[in-house]
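What TrEMBL records for Glu60, Glu90, His93, Glu178 is Fe cation 1 binding site. The Fe cation 2 binding site feature in TrEMBL is assigned to Glu90, Glu142, Glu178, His181.
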Amino acid sequence: MSCARAAVARPLWRLRTGARRPLSAYGRKIGVRFCSSRMTLDNINWAVVDRIIRVDHAGEYGANRIYAGQMAVLGRTSVGPVIQKMWDQEKDHLKKFNELMVAFRVRPTILMPFWNVVGFALGAGTALLGKEGAMACTVAVEESIAHHYNNQIRTLMEEDPEKYEELLQIIKKFRDEELEHHDIGLDHDAELAPAYALLKSIIQVGCSAAIYLSERF
Ligand SMILES: [Fe+2]
Ligand SMILES: [Fe+2]
């Protein structure tokens, strides 16, 4: 059975040994399968998985809105293609967490409408400071998200690295891509933004608050 037909045959995929729904059905760039681990819907730590998927979905949604705001201001400038490329990766990240939410029956945070507006405003607002401002925002946000993903990796490793192997692979891959975005921001003069250190600190306090709230609500 082809991957596409398998996806149609199992619209609500269940995690269990032998469940051969390829992860490629969730994201083009991940070539592993959720069939090798001992993770099933019955044996996962629901509190941990529920929190991780909800907050990561919210974070990737927020990142998408930030890049949308940046593109609205800087899309036609020389950094437009750079921002677009990062945004495209964020779209893949969000798509993956959308699909994991369905698979694990996790509800989104009630704060989604808020992150919609705040994310766009943050992206557009920093972009109005110039490309350096936009890149400073990228550095601040991506550093926070990478740190957040590292915390989740530690949590899952402490829980059971074998059981959560595939979820760990997804989070590690996304963590690495967020770090690439962080480095792209630095390479594009983020540190030349007005009041860079202060701007970065303020944005990172906001990210911490967003993570705290999205995990709980
Ligand atoms: Fe992302
Ligand atoms: Fe990112």
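From the backbone N, Cα and C atoms, a Cβ is placed for every residue, glycine too.
Annotations in TrEMBL come from automatic prediction, not curation.
Taking the Cα atom of each, Glu142 (Fe cation 2 binding site) and His93 (Fe cation 1 binding site) are about 13 angstrom apart. Spacing of His181 (Fe cation 2 binding site) relative to Glu90 (Fe cation 1 binding site) is 10 Å (Cα to Cα, whole number). Around the Cβ of Glu142 (Fe cation 2 binding site), 25 further Cβ atoms fall within 10 Å across all displayed protein chains.
Taking a Cβ cut-off of under 6 Å from any atom of ligand 1, the binding-site residues Glu60, Glu90, His181 reduce to Glu60, Glu90. Look at the Cβ of each of the binding-site residues Glu60, Glu90, Glu178 and count the other Cβ atoms within 10 Å; the largest number goes with Glu178.
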